[in-house]
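Enquirer: Sharing a structure, written as structure tokens. Questions coming.
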Amino acid sequence: MRRSGSDWDLLPAAEQPNWRNHPHYERTQERLSAAAPLVTEPELTEVRGALAAVAEGSARVLQAGDCAESFGDATLSRTAAKVTVLNELGDLLAKKVSRPVVRFGRMAGQYAKPRSNAFEVVNGVEVPVFRGHLVNSFEPDHAGRQHDPRRMLWAYQASADVLGALRTHWESGRSGPWTSHEALVLDYERPLVRAGIDGDYLGSTHFPWVGERTRQLDHAHVRLLASVTNPVGCKVGPSTDPETAVRLCELLDPGRTPGRLTLIVRMGRAIETALPPVVRAVRRAGHPVVWLSDPMHGNTVRAETGQKTRYLADIINEATAFARILDAAGAHPGGLHLEVAAEDVTECVGGPVAGERQLTTRYESLCDPRLNPEQAFELIDTVF
């Protein structure tokens, strides 16, 4: 059933593709509106219940996967490899904290990325920046980098293929991992909102989140997530003051429902001063949020080799500080939000990647640097 209607899509929205005049735009919107939702209401009910246990301190979360998914990875074998790593990491975390772990993959929809600049220079040529396979091609030529709305249909099909592989895994008797992605491109999300028994729900994923660059209180992204019954997340960066954090909670969790809202903290070195007042304010306001640490996005640097990278030591330091700050405030550290590859990539420095010179050995990310499995295991083993 189509959604019941809302005015959130009349509000301004940052980071949107420029394709409204494309000849295939309207037809793409019609086809997405007619498509089956990718997730079901019973699944969302189960996910909300699992996150409620995290909010109450009796479970933890591990959310992990690619920075930006590739359409080429939407296969049974590639999905199985990612699920294997995610579950092995989740099993380690469960053992370390002596609690069950709810697993979310950054998968089946993580095909779009916000970017700092509209253009980039590749091999001396200026081209539109890559914004994820949902928007344009990774290949650095002008034709491929044009924003193409037909890619939304390809993203839907790739997501359906990944979900099909995941459901095969669920049938083996293990619940989850569930899907998640940043609800960034509203022309993709809007047609996939459906009217459900308890209200509108977003049919594109189990757990959508709004990013640091699109969490403006009076913009469409926050109001979209406020209008659906999915459990939702919101990134919280170093510029988030206590008043803004509480207002976000009021919009996204007006009923103060455990499991409804996850605040994903990404503050880098500012965490020691920026996070404590935010935690105090949210707790005073009575919102039973899940507190999740994203220790990666605030720790990105440019290596001498030219690639973006992250240092495992910085990631460990932020995750450790996060847990300490939450404990001191009497709140529950809910878990981790990580960018992790299923392969032994060399994109972050630390552990088996001894220095920046090794980054060129196997740097395969479509966007930001990911931990390899060995680095992710070391992170969990050290922090917990």
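Each position is counted from 1, following the chain as shown.
Keep in mind that glycine also has a Cβ here, set from the backbone N, Cα and C atoms.
Below, the features straight out of TrEMBL:
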type    : residues                     : note
BINDING : C67, H297, E339, D368        : Mn(2+) binding site
BINDING : R106, E212, R213, K235, R266 : phosphoenolpyruvate binding site
Enquirer: Which binding-site residues (R106, K235, R266) fall within 10 Å of E339 (Mn(2+) binding site) by Cα distance?
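Expert: The binding-site residues passing the 10 Å Cα test are R106.
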Enquirer: Spatially speaking, which of the binding-site residues C67, H297, D368 is closest to K235 (phosphoenolpyruvate binding site)? Use C-alpha to C-alpha, please.
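Expert: Nearest listed residue in space: H297.
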Enquirer: Look up R266 (phosphoenolpyruvate binding site) in the DSSP assignment and reduce it to helix, strand or coil.
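Expert: Once the DSSP labels are grouped into three classes, R266 (phosphoenolpyruvate binding site) ends up as coil.
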Enquirer: Residues near the Mn(2+) site, C67, H297, E339, D368 excluded, by Cβ within 8 Å of the Cβ center?
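Expert: These residues sit around the Mn(2+) site: M296, T300, S365, C367, P369, R370.
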Enquirer: So which one is it: of the binding-site residues R106, R213, K235, R266, H297, which has the fewest other Cβ atoms within 10 Å?
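Expert: It is R213 that, of the binding-site residues R106, R213, K235, R266, H297, has the fewest other Cβ atoms within 10 Å.
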Enquirer: Sort the binding-site residues C67, H297, D368 by C-alpha distance from R106 (phosphoenolpyruvate binding site) and give me just the closest.
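Expert: Closest by Cα: C67.
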Enquirer: What kind of secondary structure is E212 (phosphoenolpyruvate binding site) part of, going by DSSP in three states?
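Expert: Reduced to three states, the DSSP call for E212 (phosphoenolpyruvate binding site) is coil.
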Enquirer: State the three-class DSSP label for H297 (Mn(2+) binding site), counting H, G and I as helix, E and B as strand, and everything else as coil.
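Expert: Going by the DSSP assignment, H297 (Mn(2+) binding site) falls within a helical segment, counted as helix.
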Enquirer: Can you tell me which binding-site residues out of C67, H297, D368 are within 10 A of R266 (phosphoenolpyruvate binding site) by Cα, answering none if there aren't any?
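Expert: Checking each Cα against R266 (phosphoenolpyruvate binding site), the hits are H297.
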Enquirer: Looking only at C-alpha atoms, tell me how far H297 (Mn(2+) binding site) is from E212 (phosphoenolpyruvate binding site), rounded to the nearest Å.
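Expert: If we compare the Cα positions of H297 (Mn(2+) binding site) and E212 (phosphoenolpyruvate binding site), the gap is 10 Å.
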Enquirer: Rounded to the nearest Å, what's the C-alpha distance separating E212 (phosphoenolpyruvate binding site) and D368 (Mn(2+) binding site)? Just drop the number here, would you?
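Expert: Roughly 15 Å, rounded to the nearest whole number.
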Enquirer: Quick check on the binding-site residues E212, E339, D368: which one has the highest count of other Cβ atoms within 10 Å of its Cβ?
Expert: E339
Enquirer: Taking only the Cα atoms, work out how far R213 (phosphoenolpyruvate binding site) lies from C67 (Mn(2+) binding site), in Å, as a whole number.
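Expert: Between the Cα atoms of R213 (phosphoenolpyruvate binding site) and C67 (Mn(2+) binding site), the distance comes to 16 Å.
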